[in-house]
Amino acid sequence: MAEPSVESSSPGGSATSDDHEFDPSADMLVHDFDDERTLEEEEMMEGETNFSSEIEDLAREGDMPIHELLSLYGYGSTVRLPEEDEEEEEEEEEGEDDEDADNDDNSGCSGENKEENIKDSSGQEDETQSSNDDPSQSVASQDAQEIIRPRRCKYFDTNSEVEEESEEDEDYIPSEDWKKEIMVGSMFQAEIPVGICRYKENEKVYENDDQLLWDPEYLPEDKVIIFLKDASRRTGDEKGVEAIPEGSHIKDNEQALYELVKCNFDTEEALRRLRFNVKAAREELSVWTEEECRNFEQGLKAYGKDFHLIQANKVRTRSVGECVAFYYMWKKSERYDFFAQQTRFGKKKYNLHPGVTDYMDRLLDESESAASSRAPSPPPTASNSSNSQSEKEDGTVSTTNQNGVSSNGPGEILNKEEVKVEGLHINGPTGGNKKPLHADMDTNGYETDNLTTDPKLAHMTARNENDFDEKSERPAKRRRVNSNGKESPGSSEFFQEAVSHGKFEELENTDD
């Protein structure tokens with residue numbers, strides 16, 4: 001949309017020039033007055049805008065020549081016309097054919113800069129003259145020159161920067177640190193010391209020739225499956241373990257396949273030989289004796305899963321392959337479960353491999369070992385019981401437990417609500433001179449006369465009696481059975497009888 005002419009002033013122009021800051025008065029601030037008249041005035045001014053003048057300006061500008069229109073908006077003679085630009089571009093293209101691309105870019109850019117500088121100087125002179133007449137036109141012309149003038153030079157500069165970047169991209173070689181190089185070849189082979197290698201360079205590892213055990217490409221798979229089904233079919237003469245059915249799955253009978261290879265893949269001849277030598281075909285793993293099983297388990301304890309050391313030191317009657325096969329059969333049996341419970345064979349992976357972070361198994365092992373190594377508490381000695389008896393005989397006013405540890409002061413005395421009185425429990429042997437429990441003694445075995453003489457404990461006994469009167473209506477607790485199987489009186493009943501008997505004695509004394 002074309003801008004309105006500078007000469008014609010719009011009706012809203014005067015409103016913008018008269019704008020000022022809104023300064024509320026004291027009455028507005030006191031009464032919290034919100035003046036919304038400014039918004040209403042702006043809406044009214046926007047509604048009163050006359051669009052007919054803008055349409056007339058646009059129609060008049062459409063009939064103007066381009067030179068007058070440019071001078072009207074302040075561009076003057078500095079703006080280049082499209083026709084002149086096309087002519088200069090054609091001349092530049094003809095000159096570029098004779099010279100190199102790099103020189104043409106530099107010279108073209110510098111030449112254009114010179115021409116633009118000349119035109120800028122001439123334009124500035126015209127602007128100074130026109131600025132005296134109309135300052136608004138000069139400001140508009142300067143803004144337009146800043147926008148339009150450097151476009152062509154920036155275009156060529158960006159092209160040169162793109163070319164430089166493309167040259168740098170061609171020379172740039174990215175690092176290949178992210179690639180994983182396969183370490184295959186003579187440079188990656190380990191250097192074995194002289195004393196470790198058992199064989200010489202031209203010496204064979206073993207003297208026997210290789211023997212073909214099975215060729216899967218000679219017979220199709222469906223015929224091989226039919227042959228294995230016929231080989232595993234029972235004749236009805238089997239006894240013992242061999243009479244147990246093996247299921248409907250097809251067993252990979254290596255002995256039968258090897259017989260088929262020896263018969264030159266003749267299925268009938270291979271089946272005839274298998275039926276003739278049934279024991280050799282069915283007993284893939286011979287039975288291990290009890291001594292061999294024990295030696296194998298001892299080898300697992302000593303050497304772990306190093307079957308070479310187990311065969312060399314423990315089970316010399318078997319080969320390494322037989323030891324490996326027996327290990328997988330033995331691991332599925334009940335014998336392995338008993339072995340794992342006794343030795344924790346499958347739970348100490350972190351000892352063999354420190355990198356394993358199985359902390360749960362380690363925590364269980366440590367907790368079990370701590371529980372097993374925990375010693376029982378030592379039994380009480382006779383000195384503890386003798387100390388308690390001597391303290392009772394002396395009649396000292398102190399709260400002493402049955403182990404002989406005393407705590408002085410009324411703050412250490414427990415309340416009757418917290419202590420469950422279940423009779424006298426003394427650890428250790430008791431003497432024959434023990435005083436019987438009667439009405440003049442407290443439930444802990446102390447005489448009430450001695451307790452009342454101490455002023456620190458007098459208020460404690462009175463408070464306990466008041467508490468007992470308030471809570472005497474509670475139901476009695478269940479009786480407890482001691483170690484001899486006899487029923488001992490409950491704490492509440494025992495305590496109730498003792499206190500009630502003591503109150504009865506006090507009433508008799510007051511009557512006297």
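Yeah, the Cβs are placed from backbone N, Cα and C, and that goes for glycine too.
Record features (Swiss-Prot):
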- 1-16: compositional bias 'Low complexity' (COMPBIAS)
- 37-46: compositional bias 'Acidic residues' (COMPBIAS)
- 83-105: compositional bias 'Acidic residues' (COMPBIAS)
- 160-173: compositional bias 'Acidic residues' (COMPBIAS)
- Lys239: SUMO2 cross-link (CROSSLNK)
- Lys420: SUMO2 cross-link (CROSSLNK)
- Ser10: phosphoserine (MOD_RES)
- Ser141: phosphoserine (MOD_RES)
- Tyr155: phosphotyrosine (MOD_RES)
- Ser160: phosphoserine (MOD_RES)
- Ser166: phosphoserine (MOD_RES)
- Ser367: phosphoserine (MOD_RES)
- Ser369: phosphoserine (MOD_RES)
- Ser377: phosphoserine (MOD_RES)
- Thr448: phosphothreonine (MOD_RES)
- Ser483: phosphoserine (MOD_RES)
- Ser488: phosphoserine (MOD_RES)
- Ser491: phosphoserine (MOD_RES)
- 180-284: region 'Interaction with HDAC1' (REGION)
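For Ser367 (phosphoserine), the number of other Cβ atoms no farther than 10 Å from its own Cβ, over all displayed protein chains, is 10. A 10 Å cutoff on Cβ-Cβ distances gives Ser369 (phosphoserine) a total of 11 other Cβ atoms nearby, all chains included. Confidence across the region 'Interaction with HDAC1' (180-284), taken as the mean pLDDT and rounded to a whole number, stands at 78.
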